[in-house]
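Novice: Input: one structure, supplied below.
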Amino acid sequence: MSLIKIIEILAILVGAFSGFIEARSKRMDVVGVFTVAFITAFGGGTLRDILLDKRPLFWVTHDEYAILIFVLALTAAPAIRTLRKIVSERLIVVADALGLGLFSIAGVSEALAAGMPLFISSMMGVITGVFGGILRDIVCNEVPMVLRDGKPYAICSFVGCWVYLMLQRADTPADFSLWFSAMLISALRLAAWAKDVKLN
Amino acid sequence: MSLIKIIEILAILVGAFSGFIEARSKRMDVVGVFTVAFITAFGGGTLRDILLDKRPLFWVTHDEYAILIFVLALTAAPAIRTLRKIVSERLIVVADALGLGLFSIAGVSEALAAGMPLFISSMMGVITGVFGGILRDIVCNEVPMVLRDGKPYAICSFVGCWVYLMLQRADTPADFSLWFSAMLISALRLAAWAKDVKLN
Amino acid sequence: MSLIKIIEILAILVGAFSGFIEARSKRMDVVGVFTVAFITAFGGGTLRDILLDKRPLFWVTHDEYAILIFVLALTAAPAIRTLRKIVSERLIVVADALGLGLFSIAGVSEALAAGMPLFISSMMGVITGVFGGILRDIVCNEVPMVLRDGKPYAICSFVGCWVYLMLQRADTPADFSLWFSAMLISALRLAAWAKDVKLN
């Protein structure tokens, strides 16, 4: 399995986790919890693939991920309300930041591989990174977190995507470029959140 | 015309009806009423076809349905405000439950015919059944009904889709499988609603 | 460059402008401002192309428009808060009306060229004209303007699209049909707004 796929799978699990928590806090039933987790985990990548007209979709050929999320929803959902009390706001933000980094880099590298121009590739990275969470919040009728907290979010993804594109152009080994830029995005987001940076 | 198509057409009319009522209660003009009715009627199936990359879309090749909804919007819209007073909440829930059953089964059988794996087919059934209503509520800026009332909804569709898949596998005659599982979904939803079952 | 493309570019600029203003009034950062402007400018056309299964998307092959909007977001965003005080509500409505006319006609003519039936073509015109603004408002968590003010909006687009289709059928020179019907839509919308016409 390629490194990109490993990164995408990590991002999917992180995304599903943040979906679980938000759906449970809305008191949704098990199918609702699954749906929100699924949208969060696959929403960004699916939008990217629809825009690039790439089929079949990742989760259609690999239905084991959908089934995994479903089993987790069945088994974990009842426990998550208790979990929620233990899980601090901080943990959610960390999970979300990891997801942002992993998804963004998976997105930009897939778009580049599909022959998109540089700027469009960076946009696809941001879309993949940010849209799962936006769709999660729209379905749950919340103001998207990316707007809500007024702190740098999409811009961290954008910077990291360009770092990735520059590293690729400089012939840095692919493994290093991927992990370095994904971690950079997560770190930037966490730093911006911790330092209470406001951009406006 | 195949049975699936008859079922899909019934679902479209039921969906359009629930769209009419919600749009009128928002005091939208005739094009707005048409738009919301159209989105409710075709939203789930269109999303399914985009995910499966199936073209042309049903309503593009059969523009008579779009025209029918438009004529209904033109003629029925002025009457619907009065209608609304007569139409009880109960009737809306019944229409919605019928639509849920019909759309779900149309969705799962189309996905199965397109060669999707079983679990993905069942998800496509739920998406087709549930998304028209979700899109209707998002466009009207309401919390989706599927979340709002805290009663089993998507899960009824999910159960019925699996009953359909099992019946198909057991070589039950297609006609019977289709109608039985569609009616099962509607019945489950209505029973859950009437009994005030809460899942959480 | 064909006249249609010139019209679409004008519409894109007008759309981006209304996106800038709405995003700034939500105090979004520069990437947020860019995203909302981009969605408003390309949302309707992208949805139309996804429904028609037309690829690559306009903004993917012509990435200069995405870059232009990005540069405008970078340079204009800091200035727009001051601008906002100068820019009256009236100017926004005028820009929005121009965008509605230009996008609608670009949409209907592309759909007709893709061999869609007449009614579906007119719907594609309305979708292209109206959806950028709807997506902008959904992302910003606002009730879509098309519903908000209770004045004719989508219906102006619909009437103009049919005028275009009739002019085309009557073999009127393409240039004239395009401009006349685009301006007609804008004029209808502005007249309806100014006269405080209410449709319900």
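Just so you know, glycine gets a Cβ as well, placed from its N, Cα and C.
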Novice: Transmembrane segment per TrEMBL sits at which of C:30-47, C:48-65?
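Specialist: That would be C:30-47, the stretch labelled transmembrane segment in TrEMBL.
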Novice: For the domain 'Glycine transporter' (C:94-168), what's the model's average pLDDT?
Specialist: 86
Novice: Taking DSSP states H, G and I as helix and E and B as strand, how many residues of the domain 'Glycine transporter' (C:6-76) are helix, strand and coil?
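Specialist: Here the numbers are 61 helix, 0 strand, 10 coil.
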Novice: Given a Cβ distance threshold of under 8 angstroms, which distant residues of the chain, six or more beyond its ends, lie next to the transmembrane segment (C:176-194)?
Specialist: 3-4, 7, 93-94, 96-98, 100-102, 104-105, 109, 129, 149, 151-153, 156-157, 159-161, 163-164, 167-168
